[in-house]
Amino acid sequence: MGCYSSKNLKQSKRTILEKPFVDIGKVYILGDELGQGQFGITRKCVEKTSGKTYACKTILKTNLKSREDEEAVKREIRIMKHLSGEPNIVEFKKAYEDRDSVHIVMEYCGGGELFKKIEALSKDGKSYSEKEAVEIIRPIVNVVKNCHYMGVMLRDLKPENFLLSSTDKNATVKAIDFGCSVFIEEGEVHRKFAGSAYYIAPEVLQGKYGKEADIWSAGIILYILLCGKPPFVTEPEAQMFSEIKSAKIDVDSESWKFIDVKAKHLVNRMLNRNPKERISAAEVLGHPWMKDGEASDKPIDGVVLSRLKQFRDMNKLKKVALKVIAANLSEEEIKGLKTLFTNIDTDKSGTITLEELKTGLTRLGSNLSKTEVEQLMEAADVDGNGTIDIDEFISATMHRYRLDRDDHVYQAFQHFDKDNDGHITKEELEMAMKEHGVGDEVSIKQIITEVDTDNDGKINFEEFRTMMRSGSSLQPQRELLPIK
C-alpha cells in the first residue's frame with residue numbers, strides 16, 4: 001500500500017520547492033521526536049524569534065525516489081495551505097528546504113493521539129457512551145466533509161492520522177497527515193492503490209475509486225468505536241481484502257447487542273459497498289444518530305474499550321517478538337536471503353524499490369498482480385521510507401520462512417521470560433513492553449487473558465507460539481514471496 005512511487009531518481013542539486021535553501025536550525029530549535037512516517041520524521045520545535053512551539057516534519061530527499069515522490073511532497077504542502085483555517089485540520093505555518101531535506105512546519109498538537117480521548121472518556125471503571133462516540137467521530141467526518149467540499153480526497157483516513165490539539169478535556173481533534181491526499185474533481189476516478197489495510201474501501205482494492213472511499217474509512221473507524229475492532233481482521237491480508245470486497249458486515253452479533261439501531265443504520269450506510277449509494281459526509285453529520293441529543297448516553301459495554309486497547313497493542317507485542325527473532329538469525333541462516341536480496345537489488349543501492357521488487361518476483365516465478373506487489377512492499381517496508389533495506393527484507397521473508405521453526409520462536413519467548421522459568425508473567429511482559437514503549441497495565445493484562453488459554457495467569461511457550469502463528473497484521477503479504 002502507501003502513496004508513493006519507487007522509481008529511482010538520481011539526486012540533483014535543483015530544489016524541490018524551487019526557492020532558496022534555508023538552514024532550519026537557524027530559525028527553529030529542533031526538539032524531541034514526535035513520530036515517523038513514510039518519508040521522514042516529525043519533531044517538536046520552537047521558533048527562535050517568538051518562542052512558540054510547533055511541529056516540524058522533516059522529509060529526507062534521499063527518501064524521494066522519483067519525480068512522483070517530489071510532486072507528492074509539493075502536493076502535500078499545497079493541500080495543507082489550501083485547507084488552512086479549517087478547525088479540525090492542523091494549521092500549516094511554512095515549508096523550508098535545505099540541501100538534504102524538506103521541512104514542513106505546522107501547528108503542534110500537544111494532546112497526543114486520538115485514542116487518548118477515548119481513554120479520557122472512560123473513567124471510574126466505566127466505558128464511554130454512544131453520545132461520546134459521536135464526539136469522536138463527528139470531527140473526523142467533518143474533516144472529510146470539508147476536504148471533499150474543498151476538492152481534496154484524503155485516501156488514508158485512520159485514527160493514527162488524528163491528534164488532540166492539547167491535553168484539555170475539550171481539546172480539538174485535528175487531522176495531521178495529508179501525504180496520501182490528492183486534489184479531486186467531482187466524479188473523478190482514481191486508480192492508484194493507496195490507504196491502510198483495515199480501513200481501505202472495496203473499490204480501492206478494485207482499482208477504481210473516488211472520494212466516497214473516505215466515507216468507507218470513516219465508517220470503519222465508527223465501527224471500531226462501537227464494537228472495539230474492525231469488521232475484517234482475517235489473515236492473511238489477501239483473505240481480509242477478499243472479505244472487504246464481499247463478506248457480510250456484522251452488526252448483529254453479541255458485540256452489537258446493546259448498540260442503538262440508529263447507529264447500526266448509519267454504519268451500514270457508510271459501509272455500503274456501492275460507492276454511488278454510500279452516504280455522503282454531509283449526510284452522515286445530519287443523520288439522526290449524529291444529531292445532538294439523539295445518541296444514547298448509556299455507556300457502551302466496557303469490553304469494547306478493552307478490545308480497542310488490545311487491537312492496538314497485540315500487533316506491537318508481535319513486532320517486538322519478530323525483531324528478536326530477526327536479530328538472532330545467524331549469518332548462515334540468512335546467507336540465502338542476503339543472496340536473494342542482492343539478486344533483486346539490481347542497481348546495488350542497498351535497498352529494493354517497488355520496480356525492483358516487481359521485476360525480481362517475476363524472475364522468481366511469481367505472478368502477483370501490481371496491487372499485490374504494492375501490498376507486499378507496504379508490508380515489508382517497516383520504516384515506511386518507500387524502499388526495503390536488508391533488515392526489513394530478512395524480517396519479511398523470514399516471517400513465513402522462520403515462524404514454523406520452534407527454536408526461533410523460543411528465542412523470542414526467552415526474551416520475555418527473564419527468569420527462564422518457562423513462563424512469561426505479567427511483570428515480565430510489562431517490563432519488555434515498556435522497554436519498547438508499548439502497552440499499559442490494563443492492555444497488558446488483556447493480552448495475557450487473550451493468550452493465556454489455560455488460565456494460569458502466565459503465558460507458557462505453547463501459548464506464545466500459538467499467538468505468534470495466529471493471524472496478525474504482520475503475516476499477510478510477506479507470505480506471497482515465493483520462498484520455500
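For all residues, glycine too, the Cβ spot is worked out from N, Cα and C.
Positions annotated as N-myristoyl glycine by Swiss-Prot: Gly2. The domain 'Protein kinase' annotation in Swiss-Prot covers 28-290. Annotation comment: Swiss-Prot describes Leu34, Gly35, Gln36, Gly37, Gln38, Phe39, Gly40, Ile41, Thr42, Lys57 as ATP binding site. What Swiss-Prot records for 295-325 is region 'Autoinhibitory domain', and it gives similarity to another entry as the kind of evidence. Summarising the annotation, Swiss-Prot assigns Ca(2+) 4 binding site to Asp452, Asp454, Asp456, Lys458, Glu463.
With the fewest other Cβ atoms inside 10 Å of its Cβ, the least crowded of the binding-site residues Gln36, Thr42 in this structure is Gln36. Other residues of the chain with a Cβ within 8 Å of the Cβ centroid of Asp452, Asp454, Asp456, Lys458, Glu463, the Ca(2+) 4 site, are His423, Ile448, Val451, Thr453, Asn455, Gly457, Ile459, Asn460. DSSP gives Glu463 (Ca(2+) 4 binding site) a helix state. Neighbour density at the Cβ, taken as the number of other Cβ atoms within 10 Å, is lowest among the binding-site residues Leu34, Asp454, Lys458, Glu463 for Asp454. Listed in sequence order, Lys458, Ile459, Glu463 are the same-chain residues six or more apart from Asp452 (Ca(2+) 4 binding site) with CB atoms under 8 A from its CB. When Cβ atoms from all protein chains are considered, those within 10 Å of Asp456 (Ca(2+) 4 binding site) total 10, not counting its own. For Asp454 (Ca(2+) 4 binding site), the nearest of the binding-site residues Gln36, Gly40, Thr42 in terms of C-alpha separation is Gln36. Separation of the C-alpha atoms of Leu34 (ATP binding site) and Asp456 (Ca(2+) 4 binding site): 38 Å, rounded to the nearest whole number. In this structure, the C-alpha atom of Gln36 (ATP binding site) lies 38 angstrom from that of Asp456 (Ca(2+) 4 binding site). Less than 8 angstroms from the CB of Gly40 (ATP binding site) sit Lys57, Thr58, Ile59, Leu60, Asn63, Ser101, Asn385, each of them six or more residues away in the same chain. Under the DSSP three-state reduction, Gln36 (ATP binding site) is assigned to strand.
Asp456 (Ca(2+) 4 binding site) is 43 Å away from Thr42 (ATP binding site) when you measure Cα to Cα.
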